[in-house]
Amino acid sequence: MTTVRQRRVGRGTEAAEDQPSEETNVKPDGKILPDPPGGKLWSILSVTVGGIVAISLGLLTSVYVATLHENDLWFSNIKEVEREISFRTECGLYYSYYKQMIQAASIQQGLHGLVYDNKTESVRTINILERMNVYQEVFLSILYRILPIQQYLEPVYFYIYTLFGLQAVYVIALYVTSWLLSGTWLSGLLAACWYITNRVDTTRVEFTIPLRENWALPFFAVQIAAITYLLRAHLQPAQERLTLMAVFIATFLFSLTWQFNQFMMLIQALALFILDCLDMIPTAKVTWLYIIQISGLLLVCVLQFFNSMILGSLLISFNVSVLIARTIQKNLKKGGLLNRLGKLILHVLLVLCLTLLINKFIKKILNLESDEHIFKFLKAKFGFGATRDFDANLYLCEEAFGLLPLNTFSRLSSTLLFYVYGFVLFLLTVAAVIVAFRNLSGSNQVHLKDKMEEYTVTLKPEAAYSLVHTVLFGCLALSTMRMKYLWTSHMCVFASFGLCSAEVWKLILKCLHLYTSQRTQVIKYSVPIITLLYISFKFWPGIMDELSELREFYDPDTVELMNWIKSNTPNTAVFAGSMQLLAGVKLCTGRTLTNHPHYEDKNLRERTKQIYAKRSPGEVHGILRSFGTDYVILEDSICYERRHSRGCRLRDLLDVANGHIMDGLGENEPDLKPSLYPRFCEEIRKNLPSYTMHFTRVFQNKTFHVYKLAKHK
């Protein structure tokens, strides 16, 4: 673990006002004097204890979520098909490629099957490694095959234990980030405890194990920890190079494991851009971080067989635009307040225009359309015009893509996390505004330094980055609930840093005219310890009760369906149905699909949705047969859905997209017209001749109805 070094006195935003004990250890020229023998020994002991606590908390978190998963499903006792069904929706699709690689005759044959895959999308051969972020499944399957563990550990356990192990990495990274920011490992301990006690809002790994974010977020946390260390003042060249390498590796792994990486790193790039414009972090380090983001993403692009969506990402366009604009605009950080504000506004406009132009040019050259649904969704979400686009409305109606529910804040407040976070956020925002104004007005010049030394408000570069990072990701979480896990985990880091930071308490006590060095030290340690005791006494019994609660996986209808498919259909059969269900069909039976939950392909999204719309049997049959479909699975839970309100049910979205009036009482848009045909999924159950000539029911239970398609010449 990196040793936390004493800070030197700096000027402006390079360092905060250091403690008196630290100032005695710094020469006038800025060089650090050697620690006294006793101080060095204490530092080594502190780092050792802090490191042991970090690793212990990481391992405990891993065991905790693994136990919750076992207790919730009784995973060790259920059948293999039930284990696979428990990987719902896209989780099942990703796990199926791990299973495919494990079951292949050789590693080479397994890789060939992924590169030339004709089972995931009927009548098409696609490259899975290009289309999806499944290199982690490939790596894990190869590791399982070459390690001598097959006799002791089933493939599914090797897979889920790896994900639970990554939770340990995640917690350790959060711990280290908080430690680096505050200078005490007590802050890391508090951050980890908050992460665990707020588990409902910080992670969902125990019930969505193969989800891409569960692979990616630990690496993102490692990257943030490395950036935090990189932004510290007075790093030695060797330290800086090693840290840049760590940032690059973490950025690359984060980008490789999640398809939404470009959007998360775009927000990160915006944070760096804001701080650089306000002269709050060193420009040279920001430039390196831009380059690392671009190079990491381009390396992933190469590994994904030059995936065009990566090349057309806004992140690459933005970072290139910033580097170009900085080259064009000289002396950006010179002059008075008004002069610099004018240059800054011009700089922002130039970067924005260049970003849009470069991105438009790349998409035009590459003929990119697969991410259109994302931008349609964003336009509709933020009120830039209504849309009838089915894909955009599907996102808008999902709770996960809606606003963050208010009960989230009550849960976070019960652990004191949100109260502390809000307090620290307010203080550091005020400090950041003061520092930014001083930087832009050029008021921290040498001749004013002595006059301002006692009263100046400063903000370390790493603290400034953490502040802007949490604000931007907070805005993302507030607007889109699914992204809250990026915010809440960093919220634990930010709040614990503020509570354990000598600089924060020093600022508060100075404002109250109560500042003394001894008082700062007492508060810095006593308040976090009291908070930890409160959390322990209040939540430890609840955690123990949660760990003792035993449930069992139970989904007999889906199990019956999967067993029927395996026993009664040929291996070459092609199935149509809902995206969510078909992922399970592929995993459990290995049959070919017409559709699946990986939504990043325009043509794929058009394939099977009309089975729940108002269409004639001949039209639906023609659509399905054009994709080689042999069987279609209809679900009552979708056809007669009541979970969403009118206007957000799947059948309503299809009706509006097709220009038809929605079912039920309520208003319709004036230009919508009644359909000439009844709803297909309802009418087919009546076995009318117009339907039976195209579809024959071959299986049904309380949830599913399977129809075989006639193969008309």
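Keep in mind that glycine also has a Cβ here, set from the backbone N, Cα and C atoms.
Unlike curated records, TrEMBL annotations are generated automatically.
Taking TrEMBL as the reference, the stretch among 41-66, 145-170 described by the feature transmembrane segment is residues 41-66. Between the listed ranges 78-95, 312-329, 366-383, TrEMBL ties the annotation transmembrane segment to 312-329. Sequence-distant contacts of the transmembrane segment (341-362) (same chain, six or more residues past either end, CB-CB distance under 8 Å): 273, 277, 311-312, 314, 316-318, 320-322, 324-325, 328-329, 331-332, 335, 368, 440.
For the transmembrane segment (242-258), the partner stretch with the highest count of Cβ pairs under 8 angstroms, out of 215-235, 312-329, 416-441, is 215-235. Ranked by number of Cβ pairs under 8 Å to the transmembrane segment (264-281), the listed stretches 41-66, 215-235, 416-441, 462-481, 487-509 are led by 462-481. A Cβ distance under 8 Å defines the sequence-distant neighbours of the transmembrane segment (41-66), meaning residues of its chain 6+ beyond its ends; these are 1, 3-4, 35, 160-161, 164-165, 167-172, 175-176, 179, 185, 188-189, 192-193, 195-196, 199, 203, 205-206, 543, 547. The transmembrane segment (416-441) is in contact with the transmembrane segment (462-481), judged by 3+ CB-CB distances under 8 Å for residue pairs 6 or more apart in sequence. Residues of the same chain lying 6 or more positions beyond the ends of the transmembrane segment (462-481) and with a Cβ under 8 Å from any Cβ of it are 13, 16, 177, 180-181, 224, 227-229, 231-232, 267-268, 270-272, 274-275, 280-281, 381-382, 399-405, 408, 425, 428-429, 432, 435, 487-488, 490-491, 493-494, 497, 501, 503.
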